[in-house]
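Undergrad: Input: one structure, supplied below.
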Amino acid sequence: MSQREQWSSKLGFILAAAGSAIGLGAIWKFPYTAGQNGGGAFFLIFILFTLLLGLPLLLAEFSIGRTAQSNAVDSYKKIAPGTKWHWVGILGMVTSFILLSFYSVIGGWIVAYLFKAVTGEMNGLSSEQYGELFGATISNPGLSILVQFIFILMTILVVAKGVQDGIERASKIMMPALFVLFIILVIRAVTLDGAMEGITFLLQPDFSKVTSQTILEAMGQSFFTLSVGVSVMVTYSSYLPKDQSLPRSAGSIVAMNLFIVLLAGLAVFPAVFAFGLEPGAGPVLLFNVLPTIFNQLPFGMLFFIAFLVLFLFAALTSAFSMLEIIVSAISKGEPAQRKKWSWIVGLAIFVFGIPSALSYGVLADVIIFGKTIFDLADFTVSNVLLPIGSLLIAIFIPLKMKKTALYEELKRGSSLKRGLFETWYFLIRFVAPILIIAVMLDVLGII
Ligand code: PHE
């Protein structure tokens, strides 16, 4: 058997895992979900869930992956042989499949905007005109499918090449660049006339707006942004050398992610209020707001193009992880198999995602459970499948892994204090399952 691939450096793993985490979740989904859920209170609850559930679960997935050193399905088989626990990995594969099917629609929107910005079609319009241009773009069936295809194609090409060559290299430049551009964007947004209202909206909690739905969405958002509950992080950490500190990696990924979420909020909401846009506009929010802010900067369109390139990159590094978990579980590290399955699975996801792409146009009137096809896919993944996957992982850890072995694994390469470990274990064993179940029962109206 060939030797298992490994990340070529510690930094490589952090960047890839952070690349999986940081993506549309923080930049696109957070602003629109916060906007629909009243702003500040949602943000606060999201932060609490990230610290109480997201971070511990991220660490849980890391410890499963590095203990087992295998893909999402076989990892569970190795740790709990002869049981049904590997279904958690299969659930992760299914979740990733649906996730990428609508993720690629948004990825496609970035591609479409990029084309339009480069050809100069977006120079100097008013915020209303940007809204109209965007609406026309995403309701055009041929175009939305084309750009979705381009996004998936880029994902397939990289995943087909394999872990080291594919995913790792570019992250080193693109991620820091994204941070820098975001900071410029925030500075411009918060200095707009009328920005204060947006800052207050984001940072001042108004608990009168909190419903069961808000809490569920904040929980789903925290799983979504950290890529937990899908065993993506199990897969990624399985390529990790044994001397890398898992707690430190998890901590820095969470910190970076929260920072990007904050930046996204501080870029979007001041502009939304300054330009009189609608915070509850839904998935189109970011795309309506962005060009308007860039338009207010000198050389705005150049900045906008640079931003779109980096944003596209951030979305792609997340998309890679979704396809990677499926392909690595099927191909089991065989290069030829990897190539073949990257194409088969990638194209299947594309076909499956077409209805989501069309749900802003010709299929806009198809409403299932009160939602468009796109919204239904998003809701099912974020608020049903991710919580279930996370719940199962939280149950798996104390049930099937030895506490002493977990402590050893987490202590490797770090000076993890016993007390901190016990806190983590307590959060995973008691807090995570109880909280996830309570939130779900609450939404179903059972408690
Ligand atoms: N965390 C990614 C994002 O925020 C989405 C993701 C979720 C990726 C689950 C992989 C697994 O964009």
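All residue numbers here begin at 1 and follow the chain in the order shown.
Even glycines carry a Cβ here, placed using N, Cα and C.
Okay, these came from TrEMBL:
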- 12-30: transmembrane segment (TRANSMEM)
- 42-64: transmembrane segment (TRANSMEM)
- 85-115: transmembrane segment (TRANSMEM)
- 143-163: transmembrane segment (TRANSMEM)
- 175-203: transmembrane segment (TRANSMEM)
- 223-241: transmembrane segment (TRANSMEM)
- 253-277: transmembrane segment (TRANSMEM)
- 297-320: transmembrane segment (TRANSMEM)
- 341-369: transmembrane segment (TRANSMEM)
- 381-399: transmembrane segment (TRANSMEM)
- 420-441: transmembrane segment (TRANSMEM)
Undergrad: Please identify the stretch among 12-30, 223-241, 420-441 with the greatest number of Cβ pairs below 8 Å relative to the transmembrane segment (85-115).
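TA: Counting Cβ pairs under 8 Å, the winner is 223-241.
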Undergrad: Using Cβ atoms and a strict cutoff of less than 8 Å, what residues sit near the transmembrane segment (175-203) while being 6 or more residues removed from its termini?
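TA: Contacts of the transmembrane segment (175-203) (Cβ under 8 Å, skipping residues fewer than 6 from its ends): 15, 18-19, 22, 34, 39-40, 43, 259-260, 263-275, 279, 293-294, 296-297, 303, 306-307, 310-311, 313-314.
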Undergrad: Counting only pairs 6 or more apart in sequence, are there at least 3 Cβ pairs under 8 Å between the transmembrane segment (143-163) and the transmembrane segment (297-320)?
TA: yes
Undergrad: Honestly, do the transmembrane segment (297-320) and the transmembrane segment (420-441) touch, with at least three Cβ pairs under 8 Å and pairs 6 or more apart in sequence?
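TA: Counting Cβ pairs under 8 Å, fewer than 3, so no.
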Undergrad: Report, as numbers and ranges, every residue of the chain located at least six residues beyond the transmembrane segment (420-441) whose Cβ falls under 8 Å of a Cβ in that stretch; write 'none' if there are none.
TA: 52-53, 56-57, 59-60, 212, 215-216, 219, 247, 387, 390-391, 394-395, 397-398, 403, 406-407, 410-411, 447
